[in-house]
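The structure appears right after this line, and notes come after that.
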Amino acid sequence: MAGTANDYAAGSPYELKDQIYVVDKEKNDYNTSPHPASSAGSLRIVSDQTHRKLKSRHIQLIGIGGTIGTALYVQIGRGLMNGGPGSLFLAFTIWCTVILAVTLSIAEMVTFLPISSPFIRFAGRFVDDAFGVAAGWNFFVFEAALVPFEIVACNVIIGFWSDVVPTGAIVAIVIFLYAVINMLAVKWYGETEFWAAIGKVLLIIGLLIFTFISMLGGNPQKDRYGFRYWQKPGSFAELYREGDLGRFLGFLQCLIQASFTIAGPDYVSMAAGETENPRKVMPRAFNAVFYRLTTFFVLGSLAVGINVPYDDPTLVGAFREGQMKPGAAASPYVIAMNRLGIEVLPHVVNAGVLASAFSAGNSYVYCASRSLFGLALEGKAPMFLTRCTRQGVPVYCVAVVLMIALLSFLQLSENSAVVLNWFVSLVTASQLINFSVMCFTFLRFYKACQDQGLDRNMLPYKGMLQPYAAWYGLITTFIMTFVGGYTVFLEGSWDVPSFLFSYLMVFIFPTLFVGWKLLKKTKWVKADEADLVTDLAEIEEYHRTYVEKPETNPFNRVLDKLFG
């Protein structure tokens, strides 16, 4: 039976009594022993065999790697076309506040209990076991569906240079590379994402610098255009209807675009179970989310509206008239470079966009496999999925995700843009459901802390403005879940595939919840009975005995200092 906060020893706000450990000193891992004398409730049928090998610099950059994909460079042009620069900037700024609220919620729980697939398992512990099942499978579908999305994007991006290489070959090569990277020890995944994320950061910073210099006249045309396109054709575009309603619908479409583009805290949290010294490392990573959101998304949305008018023929042709050009050719940045007669930079941007798409897909393989692994650990997925290699990699979970990645071969018979749009529609709803789950789970955790006497001031990370931030995040993401596919209800716009892809997960989530609840007869978790104890003792013991290993490689020492 799971313990509560009242089981804590007097000497520590988290420490448990009478816990038995099996310590693997070589791996620096601590797993609870399945010993009948252990009464604190930190037992599990299958132990977590993953290894804590991700360093601080890996975690800092993983948050960037999973966040920045092709949407920030290319697909953001669709939002500009639909709503105009004012709507795009306003929508992205507002949505960043929502993601910050979600981050404040998930960070507090994850730093307290940094375990594998944390928010999925917290949903079962603090809310209802059936809620955890629905949340886990929703997150898995979300991450797994994004893998073929980025693979399709990689193929489209490579087409910017040449279409000599067959589509099937490109897809096969990308899937093979994902398999190699994710089957290695997790530290190699972290190293891959570290370098890829650095490339993404340099690219977006470079594009912001390009925008600033170019708008002031530092371009071959000597055109000092500034905020010209905010005045003509204007800041707010009309969409579907004329007048104020049309401008509002344009803003709403930009907000939907932002809800798909902006993420971050979920990718950081999924690595919690494989992070060295997580209670020190994770708070810094979560705190950095605010700066990433501001720099990459708020300034990025502003730069896009400065560079290109929302009625630019190339932009409209790419996104509205189906004349989608390959790779970064449809990017607002590249459109601006071509207009100004800059020849080399578009190729640099396309290379950066390709690296971003590949890296984002790699992150999705990792997160999807770890979410499936977390479900299996809790007995909510087949037990064979808990099998790990000697390097701590859940090999069968990775294999399942790569099998789903084979869906990217669909583009051999379908228009690439259609396939991309389907995946975007599917995962947008799933992502919003994930955020709603995180916020609601935190509210139950907050209530449990109150009822069980756990002082939040003593936690490794205490989110500000709580519980108001969680309520703000919950209400906003819940409403946007249903708003995302509103266009199918406009007169003359009904389309069955679009409706299904927009709302499929909205129907599947409650179906999973009700089905598991009826099957297992689960009960709503009362706040004073919520499990704040399981896995806590081993985490406490890990940190008590943790000794940081000095980095022997001088180059890595410099990297740890700069990015850790």
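Glycine residues also receive a Cβ, built from the backbone N, Cα and C atoms like all the rest.
Residues or ranges marked as domain 'Amino acid permease/ SLC12A' by TrEMBL: 58-523.
Sequence annotations record features per position, and here TrEMBL assigns transmembrane segment to 59-76 (among others).
The annotation transmembrane segment is assigned in TrEMBL to 88-115 (among others).
What TrEMBL records for 136-158 (among others) is transmembrane segment. Long-range neighbours of the transmembrane segment (136-158) within the same chain, counting only residues 6 or more positions beyond its ends whose Cβ lies under 8 Å from a Cβ of the stretch, are 69-70, 74, 117, 119-121, 123-124, 165, 167, 170-171, 174-175, 178, 266, 324, 326-328, 350, 353-354, 357-358, 360-361, 364-365, 367-368, 371-372, 374-375, 378, 380-381, 401, 404-408, 410-411, 416, 419-420, 423-424, 426-427, 430-431, 433-434, 437, 505, 508-509, 512.
Long-range neighbours of the transmembrane segment (164-185) within the same chain, counting only residues 6 or more positions beyond its ends whose Cβ lies under 8 Å from a Cβ of the stretch, are 51, 53, 147, 151, 154-155, 158, 192, 358, 361-362, 365-366, 369, 389, 391-393, 395, 398, 402, 405-406, 408-409, 411-412. As annotated by TrEMBL, transmembrane segment applies to 164-185 (among others).
Among the features that TrEMBL reports, transmembrane segment is placed at 197-217 (among others).
What TrEMBL records for 289-310 (among others) is transmembrane segment.
Residues annotated as transmembrane segment in TrEMBL: 347-367 (among others).
What TrEMBL records for 393-410 (among others) is transmembrane segment. Long-range contacts of the transmembrane segment (393-410) within the same chain: residues 50, 143-145, 147-148, 151-152, 155, 168, 171, 174-175, 178-179, 182-186, 365, 368-370, 372-373, 376, 384-387, 419, each at least 6 residues beyond the stretch ends and with a Cβ under 8 Å from a Cβ of the stretch.
The transmembrane segment annotation in TrEMBL covers 422-446 (among others).
The transmembrane segment annotation in TrEMBL covers 467-488 (among others).
Cβ atoms under 8 Å from those of the transmembrane segment (500-519) belong to residues 128-131, 133-134, 137-138, 141-142, 380, 422, 425-426, 428-430, 433, 481-482, 484-485, 488 of the same chain, restricted to positions at least 6 beyond its ends. The feature transmembrane segment is assigned by TrEMBL to 500-519 (among others).
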Annotated stretches the transmembrane segment (197-217) and the transmembrane segment (467-488) touching (3 or more Cβ pairs under 8 Å): no
